[in-house]
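Colleague: From TrEMBL, for reference:
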- C:25-474: domain 'Amidase' (DOMAIN)
- C:LYS79: active site, charge relay system (ACT_SITE)
- C:SER154: active site, charge relay system (ACT_SITE)
- C:SER178: active site, acyl-ester intermediate (ACT_SITE)
Amino acid sequence: MAKDKILSFERALELYEPVLGFEVHIELGTKTKMFSSAPNEFGSEPNTNITPVDLGLPGTLPVVNEQAVRYSISLGLALGCEIAETSSFARKNYFYPDMTKNYQITQSDQPIAYDGSVEVELADGTIFHVPIERAHMEEDAGKLTHVGGSAGRIQGASASLVDYNRAGVPLVEIVTRPIFGAEHNAPELAKAYVAVVREIAISLGISEARMERGNLRCDANVSLRPRGQEKLGTRTETKNVNSLRSVERAVRYEIQRQAAILEAGGTITQETRHWHEDTGTTSAGRPKSDADDYRYFPEPDLLPVVPGRELIEQLRSELPEAPAARNRRLKGEWGFTDLEFQDVVNGGLLAEISSTVAAGATAQAARKWWTGEIARIANTQGVDAASLISPENVAATAKLVEAGTLTDKLARQVIEGVIAGEGSPQEVVDARGLAVVSDDGALIAAIDEALAAQPDILEKLREGKVQAAGAVIGAVMKAMKGQADAARVRELLLERAAQA
Amino acid sequence: MSEITPELVTHLASLSRIDLSPDEIASLTTELGQIVDSIAKVSEVATADVPATSHPIPLTNALRADVVGETLTQEQVLQNAPEQQDGKFVVTAILGEEQ
Amino acid sequence: MSDLIRLSAAELAAKLSAGEVSAVEATQAHLDRIAAVDGDVHAFLHVSDSALETARGIDERRAAGEQLHELAGVPLAVKDVLVTTDMPSTSGSKILEGYMSPFDATVVERARAAGLIAIGKTNMDEFAMGSSTEHSAYGPTHNPWDLSRIPGGSGGGSAAAVAAFEAPLALGSDTGGSIRQPAHVTGTVGVKPTYGGVSRYGSIALASSLDQIGPVTRTVLDAALLHDVIGGHDARDSTSIPESWVSMAAAAREGQSGEVLKGLRVGVVKQFSGEGFQAGVEQRFAETLTLLQGAGAEIVEIDAPHFEYAVAAYYLILPAEASSNLARYDSVRFGLRVHPQGGGTVEDVMAATREAGFGPEVKRRIILGTYALSSGYYDAYYGSAQKVRTLIQRDFNAAFDQVDVIASPSAPTTAFKIGERVNDPLSMYLNDITTIPANLAGVPGISIPMGLAPEDGLPTGLQLMAPVRADDRLYRVAAAIEARLEEGWGHTLISQAPALGGK
Ligand SMILES: [Mg+2]
Ligand SMILES: [Zn+2]
């Protein structure tokens with residue numbers, strides 16, 4: 001694959017105005033699937049979360065999950081949308097082996113929610129209103145694994161294996177209108193928008209919204225138009241963008257790539273592009289063509305959903321605070337400085353910190369771990385921090401520090417162990433033997449040993465040369481492999497000197 | 001005269017994933033031409049003021065409580081599979097893209 | 001011929017519950033009949049090898065004093081469009097050869113729960129696309145009245161099985177007349193219930209917004225009894241009507257007195273006569289109307305100006321929905337898989353499989369339906385057809401403001417010869433002109449025998465239609481007319497069918 005030419009971001013923005021658009025798919029955390037009573041569960045044995053409906057067996061019919069409708073309405077309301085008086089389903093027809101019926105049940109003319117707006121705050125304090133065109137309900141497809149090719153890629157694979165456990169999982173697809181005016185902030189806005197949508201979903205309790213698991217997936221549309229031109233440029237749709245940082249990088253890359261083509265007098269092909277995390281680039285997918293004739297028509301097997309004013313108002317009254325308002329409140333409650341809070345927002349870590357605090361950690365400890373050690377590891381691994389560790393485990397670690405069981409240094413090792421899959425913080429502490437040694441006997445023994453090696457020190461201490469303690473404390477800490485509380489060692493050493 | 005051409009039939013066959021033979025394309029072009037001519041008259045009375053009916057009985061809100069029901073065993077799921085491996089269905093290589 | 005097979009289901013049921021006949025005897029008699037005549041008729045694609053065992057179970061339960069359903073122990077033939085766990089379900093297609101469903105269709109489940117004995121799966125046009133059963137991938141079914149003729153379609157197997165005394169009861173599916181037109185040409189009774197009155201769960205979909213499952217029998221009462229067993233709300237079918245229904249059997253029994261005909265307003269559709277209608281069919285229809293008048297009914301001519309667009313709308317909506325419903329037959333999860341020469345991608349395998357696995361009529365309709373839905377044509381074709389549907393519903397509503405039921409011949413002609421129209425899809429499609437409007441509007445329809453056409457001695461059927469949800473009215477009126485006609489003939493029509501298999 002030939003490497004794309006790219007233009008510098010600055011130059012690209014000088015010449016062209018970027019116009020963005022997003023399609024975000026959120027898997028709803030219902031107990032059952034969108035149209036069947038099969039469990040909606042991640043990580044089961046292949047092809048076991050399946051009823052005849054999910055397999056599209058002859059004679060089967062779909063029935064709408066009431067909870068999925070309620071979740072979709074709540075999400076629509078949280079996105080500032082109107083809720084349709086009458087919402088209906090349609091079939092989107094295309095053949096693909098991950099789709100059991102070879103049509104997807106989705107919504108076309110009458111989505112459950114439409115005409116919304118989401119407030120997104122950028123690092124510099126700018127507030128952006130992202131216009132939402134619609135949010136509609138649909139079903140997820142199964143999962144393909146490609147075998148025989150290199151690295152599981154489609155190209156070169158000789159066969160594919162299909163697991164339909166995910167087929168039929170409820171999705172809401174949120175579609176924005178074209179987003180103008182982001183300019184230099186376009187990549188940041190992309191990331192911030194997805195982060196806000198993710199926070200909304202989590203705060204509503206309708207989805208775990210874990211991007212690394214595909215609970216939340218983003219397709220980013222990017223087009224450029226020359227400065228001063230009214231007509232929109234041709235857009236590309238970048239798929240497979242599975243982390244917040246990738247959203248940002250993918251948008252930046254597409255702006256630079258498209259700008260290079262346009263500047264050289266070329267034209268943009270309307271196509272899907274695939275994001276490659278490893279190289280930080282996109283590659284051409286299928287061009288849009290007249291083969292993309294999805295032949296939508298009203299789903300005859302399903303009736304329209306008419307939610308009723310009462311239900312909508314009830315769900316509206318149960319909505320959690322809007323993210324922007326909540327942010328202002330949390331910042332106060334947590335007592336973060338502007339800088340600290342912005343760090344959290346930029347890291348897309350609000351939900352994590354909230355949950356960590358809810359799980360019993362102090363706000364400062366939660367912030368310190370998430371924006372510190374965890375963010376550092378996430379950066380090295382090129383993933384989102386949220387995908388690495390659960391808020392419960394972070395809180396548990398923080399509590400161990402507070403209780404004096406761990407020092408900060410030991411706690412970093414615990415975090416690392418949890419991320420490495422070694423179990424809960426307590427399990428890592430136990431397995432690695434990381435707890436602070438609080439047994440005075442063991443410490444006194446180590447002190448005596450150190451004193452035996454440096455007999456002159458006791459003398460110096462008695463003479464009041466307190467700084468001499470450092471050498472012994474260092475030796476004890478070393479002997480204890482760092483798992484001792486230095487203050488306590490010092491206390492014990494001075495007691496010892498007084499006794500002798 | 002009808003707009004059904006062999007090219008159109010070929011395109012429709014590819015949309016519907018049927019590998020029609022050249023003979024079939026030829027005969028379908030003729031037959032569909034006749035059929036389409038005879039059914040095109042629906043548009044004579046389908047004026048803008050007439051609403052479309054997709055469901056013969058106008059019902060709404062057939063909703064299911066979010067309660068897990070009986071599932072098939074993996075064996076049942078795969079019982080009619082033309083080819084299977086490791087609890088999954090096997091298909092030959094995919095050249096197209098995921099949607 | 002054993003007397004048992006000549007009995008109506010109601011009569012057989014009475015003997016079963018009186019202990020005069022066992023379910024095993026009843027089942028064996030029908031299996032024997034199938035063995036004797038089905039080589040000629042070919043109504044069945046599969047005959048159950050567990051029917052006798054099931055019958056034995058019914059007998060044991062009855063002997064143990066268990067209170068069983070009225071129809072317990074009566075054999076039932078099941079159209080192959082309905083999935084069954086104990087027999088293959090192919091919908092008449094090669095692409096589903098040998099397919100075993102892990103679940104029973106709701107109607108089959110309900111029939112089994114009532115103690116009916118599923119004795120076999122009946123032949124049909126592939127995926128129910130046809131009016132003659134000639135489009136079955138497994139060879140045609142022959143009309144018991146004349147083996148060189150078609151038994152109607154798509155449910156020719158169920159109608160022929162009942163007409164040939166291979167089963168007293170059968171299940172059919174009616175998308176554009178597939179229960180009523182076979183009833184017409186085989187001298188039997190067939191009912192298309194109100195859309196949503198009987199669950200479609202487990203019925204291999206042809207056109208979801210048109211398909212209805214219904215009874216195929218030799219008497220109106222039998223149809224009503226079976227309707228009561230299979231009907232009613234099913235949470236697995238979202239389009240199933242949630243309200244409860246009155247007993248159809250009670251309505252049929254009530255109707256037998258003929259009382260209902262007094263003052264009954266019977267609508268006759270102006271558009272259902274003349275060109276395309278066989279003289280003998282029109283003659284029997286006119287005689288039946290005279291008989292109705294004699295019984296105190298009032299005949300009202302009604303105008304249904306949009307019925308002439310019904311066939312066109314139907315041949316857009318049906319193929320469109322079918323093209324989508326049949327997309328799942330792609331070789332991945334079940335059914336046939338054909339590898340193209342020299343290998344190929346999964347797309348190639350799908351296309352080769354569908355080319356080899358579908359018959360010509362199925363391909364024709366899939367391509368037509370794909371066309372009707374494709375961008376640029378949707379509004380002109382599919383969209384317009386859905387509007388015609390509204391206009392036809394309005395015609396029905398206007399008609400039912402004036403009349404209680406609408407009557408017509410169930411089909412324009414008697415059974416035609418096998419092979420006569422198979423290469424002329426257009427003329428085949430026109431055979432459904434009388435039955436299609438009911439499917440488009442969702443209203444119920446019934447076909448009952450109304451005599452033999454003088455010119456060819458073949459059966460003709462009377463179709464009655466009633467407003468949505470008024471299925472009981474159909475049974476009441478049809479039972480009354482059936483009784484009057486048989487009184488006039490001095491016998492049932494089916495008793496005049498020729499003997500088969502030299503027995
Ligand atoms: Mg999309
Ligand atoms: Zn989608």
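Cβ atoms are placed via backbone N, Cα and C, with glycine included.
Help me picture these features in the structure, burial and contacts included.
Modeller: In the three-state DSSP reading, C:LYS79 (active site, charge relay system) counts as strand.
Contacts of C:SER154 (active site, charge relay system) defined by a Cβ separation under 8 A and a same-chain sequence distance of 6+ are given as C:VAL81, C:GLY92, C:MET124, C:ASP125, C:ALA128, C:MET129, C:GLY130, C:SER131, C:THR133, C:HIS135, C:SER173, C:THR175, C:SER178, C:PRO182, in order along the sequence. In the three-state DSSP scheme, C:SER154 (active site, charge relay system) falls into the coil class.
Within 10 Å of the C-beta of C:SER178 (active site, acyl-ester intermediate) there are 38 other C-beta atoms, taking all protein chains into account.
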Colleague: In sequence order, what residues of the same chain, 6+ apart, have a Cβ less than 8 Å from the Cβ of C:LYS79 (active site, charge relay system)?
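Modeller: When sequence neighbours closer than 6 are ignored, C:LYS79 (active site, charge relay system) has C:LYS121, C:THR122, C:MET124, C:GLY155, C:GLY157, C:SER158, C:ALA170, C:LEU171, C:GLY172, C:SER173, C:VAL216 within Cβ distance under 8 Å.
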